Structure formats: C-alpha cells, structure tokens
Amino acid sequence: MAFASSPHKNGSGMNARSTGRLDNRPGSVNSTAKPVTPPATVTASAPMRPKSASPSSSFNTGTRRGSGGSLKNGSDNGGVPGRVRVAVRLRPRNSEEMVADMDFADCVELQPELKRLKLRKNNWDCETYQFDEILTETASQKRVYEVVAKPVVESVLEGYNGTVMAYGQTGTGKTFTLGKLGEEDTADRGIMVRAMEDILANVTSVDDSVTVSYLQLYMETVQDLLAPEKDNIAIVEDPKTGDVSVPSATHVELQDQRSFVRLLQAGEANRFAANTKLNTESSRSHAILLVNVRKVVKPKVGDRESPNENGGSPQVGKSNIRAPTIRKSKLLIVDLAGSERVDKSGSEGHTLEEAKSINLSLTALGKCINALAENSPHVPIRDSKLTRMLRDSFGGTARTSLIVTIGPSPRHRGETASTIMFGQRAMKVENMVKLKEEFDYKSLCRRLETELDRLVAENERQVKARQDEEEDYETKLKEAREFAAEAESKLTTAMVSIEAERKEYQQKLAEAVQKMERAEKELKTVAQDYQLEKKERNSHAEKLKHQKDLTDAMQKHQKELTDEKQRQQKELAEALQKLEIERAQRERLERDLKEATQRLQEMDESLEQGNEVLELKLLLEKESQLREQLELELQTLKSQPPKLPHGIEAKHNEELLALRRKLEEESKHRERLEEENSRLREQLTILSEEGEESRKTIDKVPSGRSSEGSQSPSVHKPSNHMRDTINGQRATIAKLFEQVGLQKILSLLESEDVDVRVHAVKVVANLAAEEANQEKIVEAGGLGSLLMLLQSSEDETIRRVAAGAVANLAMNETNQELIMAQGGIGLLARTADDAEDPQTLRMVAGAIANLCGNDKLQIKLREEGGIRALLGMVRSRHPDVLAQVARGIANFAKCESRGAAQGYKTGRSLLIDDGALPWIVANANNDASPIRRHIELALCHLAQHEVNAKDLVAGGALWELVRISRECSREDIRNLAHRTLNASSTFQTELNRRQLVC
C-alpha cells in the first residue's frame, strides 16, 4: 500500500481531522478499537483567510490561506488537498536495554496489519493509536523507503514539492533511517541515498538538472555543511509567493550517485555531534538536505497545446509544435535532532546549551503544528528558523511524509508517548499540493528559428549539389571512354609478355625441384647422426644430475638437523628462564601472603578471612611442589645431550609440548592466585578504612544524632552500616554548613591541628560533590585552599580527600580554567609522583581525566605534565586507577579528533608524542570492561586523524582496531572502528599488504 496518496487524489485512510486515538479504557463496555471515520470530501478551493491572520503569520500564506499561485505560466491552480502522512518505526532493543529491561516488557505493542499501536500505561491499561503505516523493528530500509519516501520522490519528479522528515527521541534511529550511507552493507542505505538514486535515474543529463544543498540548523544559526566557513546563512522569503530559499548556501549540481555520496560524507564530517548517556554520537543539530529538480517535459510530435489563458492556442505552423514544459520542484529531507531530557542524557556545559536550543526549536515546531491542526488564525512560524525553513512542508504546497521513531524501553515511556502525540497532531495538518511548471516559449522560438535557417540552407545546398553532379557525370563519362580505349591496347601488349615469362618460369621450376630432392637426402643423413649423438649426451647428463640431487638432499638434511638442535636448546633456555621468573614471583606472592596473614590476625574476628588465607597458603605450597618437579624435569632434560634421530626427535618434541602446557597452566594458576590475593588485600584496606571512618564520624556527630548511631547494624552487615554512616555524615555536614558557614569551614583548612584539617577537608569534599555548592566554594576561595593543601600537606588522607574535592570541582568547565590558571595541574602531577596509595592515585587521575575533556586546555595541560602524570600512575596497576587513566586518555583523544575534524588541530597526536601509544595498545583488550571500553574509544579517535596512521601501524594498533571492528561488545564503537579503517588509505594499504579483510 502506498504511504502517500497520488498527486491528484486524496488518499484513503484516516480523516485528516481525526485524532487517531481509540477508546481502550479499563472497565468500559467495549474496550476494542473504534472504527476509524472515513475521510471527508475536500473541495479543491482553498479556505478564506480570517482577517486577524496576517500573511506573515500564516505557516504558508501562498497556499493554505489561498493567496498564492502555481509556477505554471499564466495559470492559477488552486491545488489538490493532501494530508500529512505519518508512519511509526520501532527501534529494536540495544544491548544496554536487553540487560536493564530484561524483566520488563516493551512499552509498545504493534499491530501492523491494522496500522495501530498500543502504548501500555501499566499491566492492565493501554492506549491505542491509529497511523498511516506501522513499521516493526524488523522492517528493512528498502521497505521504509518505499512506504514513506518513494511516493514523495515520485511527486517531486512530477513537478510537486515534497518533504520527508524524521522526528523522535535521541537514539531511536532517525539518522540511521534517513542518512545511512550503506558503505558496509548496501541494504542499510537510508532514505537520502535511495531517493537520490531514483531522482538521478529519472532525469537526463542533457536537459534536466539536479542541484543539492546540505545545511544544518545549529544553535538557531543556519550553517552550510558543504562549506563550513558559511556559518550564518540568511533565510530569504519571496514576498509574492511566500517561497523560502537560502540563496547564499552552496548549490552543487549532481551528475552521478558517487558525487552525491561524497557530498554526504563531507557534510556528515562537519555536522556537530556529542557523546551522551543515551547515544555515543548524538546529533546536536537539525540536518536539512535540499534537492532542487529542474525537469524539461518535451511534448510528443503532433500533440496540440491546450488553449492558453487568453483563449488562444500556442500552435506554430502546420507542425503543431508544442512548447516544452519546465517543472521546477524541491525535495526537503529533514533529519531532526533528537529530543532529550537532561537528567537522562547527562548533558552539561556546552552540550547542555545545545540540548536547550534543540528542545526550543522542536517546541516551536510543535506549536506551529498544533495551530495548523486546530485551524488557528495565527501560526507562529517566526519563533524559530526551523519553522521558517519548513514553511512549505506543513500547511503549504508540498507533499509531506513524517516518520516518527520510538524505542521499546519502558524507561522512556514518557518520551515515546510525546513522540506518538506529535505524530497524531501532524496527521491533522492539510497541505494544498500544487504543480510547479511553466512553458518554455523562448526555447521553442529559438528552436523554430534554428530549424528554419537549417531548412533554407539545406535547400540551397541541394540545388547547387545537383548542378555540380550533372557536370561531373559528363566529364567522367568522357574520361571513361578514353581510358577504355587505352586499356585495350595495353592489355594486348601485356598478354604477349606474360606468355614469354610463363615459359621461362616453368624451366626454372623444374631445376629447383631437382635441387630440392638432393637436399632432402642430405638432411635425412644429418638427422640420423644427430639423434645418435643426442642419446649419448642425455644418458651422461642424467647420471650427473642424480649425483647432484643426492648431494643436495644430504646437505639439506644435515642443515635441518643442526637448526632443530639449536631450536631445542633455545627453547630449553627459555623454559629455564621462565622457571626463574616464576620462582621469583612465587617468592613475592609468599611475602604478600605473610603480610596479608599478619593484617588478618590484627583485625581479629571482624573480617573472618582466615580460612581463605589458609586455602591460599595450601595452594601456594602445592604450586611450590609443582615448580620443584618442573625444575627437576628441566634439569634432567638439560643434562641429556640433544640427540635428534628420527624416533627420539618426535619423543623430545612431545615432551617439550607437554612442558609448555604445564608452564601455561602454572602461569594461569599463578595469575588467579595473584588476583585472589589482591582482592583480599583490597577488602582488608576498604573495611579498615570504613571502620575508622565510621568511628571518627560517630565521635564528631552532635548529641542529637547519637541515638541513631546506636541503632546501626553490626559489622557483619557492611553495606547497611556504610549507608547509615554516609547518611549521618551528610546530615551532620548540612547542619554544620548552616550553623557555621562556608567561610568558617574553609578557615579550618589552615588549622595547625591535623585532625581538624582532615575533618574540614572532608566536609569541603562532600560539599563539592553537590553541583549547587561548587560555585560558592570557588567564590569563597575554597579552590585555592584545596590546591594549597595538595602543595603543603604531608598527610596522605588530606591529600587524597583534597584531590577528590578538586576532581569534583573539575567537572565544571569554568572551574577547569581556574584550576589550570592557579597551577593545579602541576600540583596534581607532583601529588601523583609522590603518592603510593591507590585511592589517592584514583582521585588524582579522576581530576586530570576531567581536565582532559576541555579542548581549550590541551596544550597547557600537556606542557605542565598532565599526560606524563597520567601515564606515571599506571605503576599502581590498581583497576580503579587504570580506569581513570584510560578515561583521561579517551577524553584527550576525543578532543584531538574533534579539533582535527574542525581544522584547528594539525600534526601528530600529543599522546603519541608523550609515549602513551604502547600502554594504549597493551591495554586495548584488558579484562576490566571500563578500562577496555575507554581504551577502545581512544584508539578509534586517534585513528580518525590520518597523520597518526603510520605511528599506529608501527605500534601494533592496527591489529587492535581490526579486533575492535569485529569483536567489540558495543555496536557504536565497533561501527566507529570499521568506518575509521575504511576511511584511512594508510590502514587500507597495510591491510591489503597483509591480506586482511576488515
């Protein structure tokens, strides 16, 4: 079923004024869907505009209010009514939703055969809505195009304006539906690519033309994606017809599909995008593809022109030549930025301002659609540049198709309901579709004049040619007669001479035959002698060749034996070296075990970890026995001379393979023991710190809270105890902040008493965790006091808590510049060099990682040692520290990639200059998911800049990029790596050289 009606008929389906919502309330007598009211008959004449509605306030004054006209020469076509057609597309669940919503059903239920969907309120109540088309999560890109956009494209080719627009929450697949290029899979091509294929297939390169402009509406400014320097393009409106245009934008005339794909790639590279919690590459602007089609419709020979407006007929002469018709139409494909809620997307800083601008423009669009749906006398089109650009699409002369995209997650039910209601209101909007064509009389006149001149000249040439031909025929006839007489005399003379030559040649032929017979006899004799001599030479050569083959085989076998002997000796040496390393590691584990045992004994019965330590000790003793057995076996093998006959060589190889397997098993076993030992040590550290923190907090709590502390659970329930402790701390801090004041608390940071400074810095750190308090702390001088503590204090607790407070303040862009201006990065770097506590290093790494996400501070951050400090903290090997280091590197690489795309960052990456690439490659496949995810993102961003490609190949990063494009659990990172590999000529050359396929 076609998604939109034909250009001359109002399509079947819902009434243009019906809401599309069905009664499905619980408890009603009939809870089934009500039948849809058939569409009312609409006349071709446009309704009169009310007096209160000015021409400028109408959404399209040229059509909907009846004051416009067609582009056809001298005609005033009132247009054909056509409602906005709306389809709904459901995105399948992504990996995050499969985990988070595993126990919950989808919030929507689709009924594609009835063109309905149900939106669940709860387990027993739902709402039913009717649309023109329902597309399930399994619908292909081709079906989406044929249902939604193809009828509009066909109308554009017939001379009507058309619009295809996608609306929905961020991350629901709008850009995938419209702008997917299909480079990896042809079936994934979006509406833009498929629409241009159909347009180019139906135009001729001689008479027709297709021009394209690619724009984005970013922060209420129209920018040219094909020429980024044009960042504030004016919107021009025709005062007569009300048509909207952007004459200063770049207009590119297309010849083939490849050039269009290259334009889309260039435009997408200049489009603004950001990483949010809902989408790693969230579009931050509305993209508008403007396609202008100029098509010449040539009449058939002998067709008569219909009478013009004066009652005459444009017939010319007897040939009844009809004037050609020019159809000028326009296609708009609009990829709206997704609506989002800040609390869900996590937008902040500049990203938050972008989200506000997006939501304001979408709100303005919704107001205009509501006004049109309700036949309001005033339509606020000038509230936003988006509504001005879409003036002809809603309530105008264009044929419009809207696809709304939704997600299945019940967590976003509110956004899904808002999107559905937007589509319902859009279905009430009616457009007056008009044909845009005019007659090309100038072209017809030029063609007739040219044809007349050609016929006159042709007639003159034919008369002159006929006279010249008659004269030539007479001259040639006379010459032919003379030539025939001369030829007869020459023929007689030639016959006589030929007869004499024939007799001479016969005599010479007989002599040549006799000489040939004698030569054949001599040749036979020479051939027999040559065959005998050849047989003798062949037998002698075969004997020499056989001897040489035997000698080469013996030498080759001897060399293989020698090489095998050397390889076996080398493997024995490596095995001994590995055993030495394993012995040293076993001793280190034993020392760590002793330290853990001592700490467990000091904690008495509070931690109850003795059994695990005993089991660990037994496992280490077993490992020691196995190590000794392997050493004895290796010494026995080393003492035996490496004899390599055929039988013993095979046995020796089997023993080496078994030894290798044992070594690998021992290595894995040792790693498990190390992880278990590290986990025990972390538990001891965390539990001891929690106990100390709880005791100190209870001692400092006012008397009014002492009764609550006495009711806290025992130490055997650490989670409840920590929760009560944190709640008590927050209540105490809030009360202390109200009673004492921020300035008094900050003055305590300079106290001579260490305990007072410790408690004061903890209070400031907790206050800094709240965004509302950060500005107050900075204005009161708290940032300078925290940095002074990092510089002067020698207490590990003070430095750790102060670094955490700085990390909280560094989440704000303004505070980041203040931290850099006051030398904060240098102090953090020195703290990282001096500290050994993993928690202190984690706080410092978190602060530097937040600073790495600021584009303006990258050069200064690197000059003051920020990157060096990050890389230096990997010595801790603590997973939390490594996760923060990886996050900082990912933020830094992302800023560099964005700078390179926008043109102000050139040259090799500063991360590569500071030697971060080896660590990045080594941890790209880390077992810890947070570390691996950040490192994978950092590699993809580094690889997007072509100048880094050679260093990445030399450092072994190409293999990791290939692995990420194949095995990464996150689809967005996997696609980003795949696109990066395909876009880089250096990577493609290296992959082809190594015969790898991405």
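Heads up, the Cβ atoms here are built off N, Cα and C, so glycines get one too.
Source: prediction; values computed, not measured.
Database features, via TrEMBL:
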REGION    1-84  region 'Disordered'
COMPBIAS  7-18  compositional bias 'Polar residues'
COMPBIAS  31-47  compositional bias 'Low complexity'
COMPBIAS  53-64  compositional bias 'Polar residues'
COMPBIAS  65-81  compositional bias 'Gly residues'
DOMAIN    83-429  domain 'Kinesin motor'
BINDING   G168, Q169, T170, G171, T172, G173, K174, T175  ATP binding site
REGION    299-321  region 'Disordered'
COMPBIAS  308-318  compositional bias 'Polar residues'
COMPBIAS  667-682  compositional bias 'Basic and acidic residues'
REGION    667-723  region 'Disordered'
COMPBIAS  703-714  compositional bias 'Low complexity'
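Counting Cβ atoms from all protein chains shown, G173 (ATP binding site) has 22 others lying within 10 Å of its own Cβ. The Cβ centroid of G168, Q169, T170, G171, T172, G173, K174, T175 marks the ATP site; residues of that chain outside this set whose Cβ lies within 8 Å of it are R91, A166, N279, G338, T405, G407, given in sequence order. Between the binding-site residues T170, T172, T172 has the most other Cβ atoms inside 10 Å of its own Cβ, all protein chains included. Its own atom aside, the Cβ of G171 (ATP binding site) has 25 Cβ atoms within 10 angstroms in the protein chains shown.
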